[in-house]
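Peer 1: The following block contains the structure, expressed as structure tokens.
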Amino acid sequence: MKETPLSNCERRFLLRAIEEKKRLDGRQTYDYRNIRISFGTDYGCCMVELGKTRVLGQVSCELVSPKLNRATEGILFFNLELSQMAAPAFEPGRQSDLLVKLNRLLERCLRNSKCIDTESLCVVAGEKVWQIRVDLHLLNHDGNIIDAASIAAIVALCHFRRPDVSVQGDEITLYTPEERDPVPLSIHHMPICVSFAFFQQGTYLLVDPNEREERVMDGLLVIAMNKHREICTIQSSGGIMLLKDQVLRCSKITGVKVAEITELILKALENDQKVRKEGGKFGFAESIANQRITAFKMEKAPIDTSDVEEKAEEIIAEAEPPSEVVSTPVLWTPGTAQIGEGVENSWGDLEDSEKEDDEGGGDEAIILDSIKMDTGVEVSDIGSQEMVFHHVGQAGLELLTSDAPIILSDSEEEEMIILEPDKNPKKIRTQTTSAKQEKAPSKKPVKRRKKKRAAN
């Protein structure tokens with residue numbers, strides 16, 4: 001799977017930020033990301049985190065026959081693997097150009113620099129020597145793989161212990177850790193790689209580039225150095241022309257960074273050895289904080305947010321305090337309301353004629369309640385000017401205004417009875433019943449005539 005290319009907008013944004021000496025994660029030009037080193041339960045197993053780039057290192061050993069041209073020297077073997085778990089662009093089962101370049105650089109940095117005494121790995125000259133194998137697995141890729149891999153390799157070698165052996169004649173005896181304490185490797189110095197990314201044909205320089213910065217860089221310079229300021233290897237890639245002043249400046253920066261990283265490595269090894277002697281808990285599981293789902297930790301914000309609360313309190317203090325009195329709604333008329341100190345609503349102003357109608361509305365309400373109790377009519381008040389009555393059954397009653405006549409109807413047909421509003425509303429029930437009685441006899445003779453006709 002090919003990696004997703006950067007868009008032109010992202011590329012221009014990154015280059016513009018680098019020109020202004022700004023980085024996406026808030027670092028300065030020569031700043032390294034946070035380095036975290038943790039050890040496994042076995043000797044020679046470690047994990048190095050450089051920001052979000054994570055590399056797992058494991059060292060193993062076995063007795064083998066030496067090389068013919070170097071009969072008294074042990075064998076060192078380095079292997080770096082890029083899995084798809086680290087990044088989807090890495091393809092399994094085939095060695096990419098990046099992987100070959102990284103493996104060669106690691107061998108030049110650690111094996112060709114003679115950081116390990118290979119003669120101390122000889123058991124029987126010309127017959128048996130120790131072969132030390134360093135396996136490095138990239139767990140997550142966020143840029144600068146070579147720096148994280150070199151730190152993981154040297155830390156794993158410093159932490160490793162090989163079994164003790166004894167030779168009696170032609171017999172070679174291996175002792176378990178319970179019988180004899182394992183023997184550490186003889187390490188002369190600790191070479192560490194430091195990467196520099198160049199932009200705009202060497203105009204701008206960054207230390208420890210991340211994955212996005214690596215995509216837009218023009219060239220890369222890797223310098224391997226120990227704390228004694230001895231350059232072990234140097235490699236430039238990308239096809240850019242560097243001046244000698246630039247290389248010298250990078251070497252000075254490398255000396256400072258290597259001294260800091262070496263001190264961190266020695267401190268981590270000392271702490272692990274102290275915990276193992278005291279019989280405390282150790283391993284990857286103990287290095288992960290409790291109640292955490294992932295091993296990644298949230299990085300600190302690149303923007304300083306320490307004085308945010310103080311600034312917020314100053315802004316609140318300068319602002320006008322809110323009113324303590326809670327505003328209550330003002331009911332001008334039924335169906336309208338006003339909350340707060342806004343402009344008065346002109347819809348709420350009543351005219352003189354409407355006010356007179358409201359005074360007579362109380363009498364109408366009493367009459368309507370009596371109508372509802374006697375005839376079973378539902379009353380719905382719509383505004384202050386119009387009232388409509390809906391009967392639950394068939395009969396319907398409609399009252400338009402206080403001065404309008406009351407209209408009674410038994411059904412939805414045209415036949416209706418009009419009553420004057422001045423009459424007593426209690427008589428409405430008698431009128432409605434009398435109206436039904438008047439209609440009843442007119443219907444019965446019709447049915448009798450139909451029967452007689454049927455008999456004839």
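Glycine residues also receive a Cβ, built from the backbone N, Cα and C atoms like all the rest.
Curation does not apply to TrEMBL; its annotations are automatic.
Note that the structure is predicted; figures quoted are calculated from it, not measured.
From TrEMBL, for reference:
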type	residues	note
COMPBIAS	349-362	compositional bias 'Acidic residues'
COMPBIAS	442-456	compositional bias 'Basic residues'
DOMAIN	32-163	domain 'Exoribonuclease phosphorolytic'
DOMAIN	189-253	domain 'Exoribonuclease phosphorolytic'
REGION	340-363	region 'Disordered'
REGION	420-456	region 'Disordered'
Peer 1: Quick one: average pLDDT across the domain 'Exoribonuclease phosphorolytic' (189-253), no decimals.
Peer 2: 90
Peer 1: Looking only at the domain 'Exoribonuclease phosphorolytic' (32-163), what are its DSSP counts of helix, strand and coil residues?
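Peer 2: Summed by class, the stretch gives 34 helix, 50 strand, 48 coil.
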Peer 1: For the domain 'Exoribonuclease phosphorolytic' (189-253), jot down how many residues DSSP puts in helix, in strand and in coil.
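Peer 2: Helix (H, G, I), strand (E, B), coil: 16 helix, 26 strand, 23 coil.
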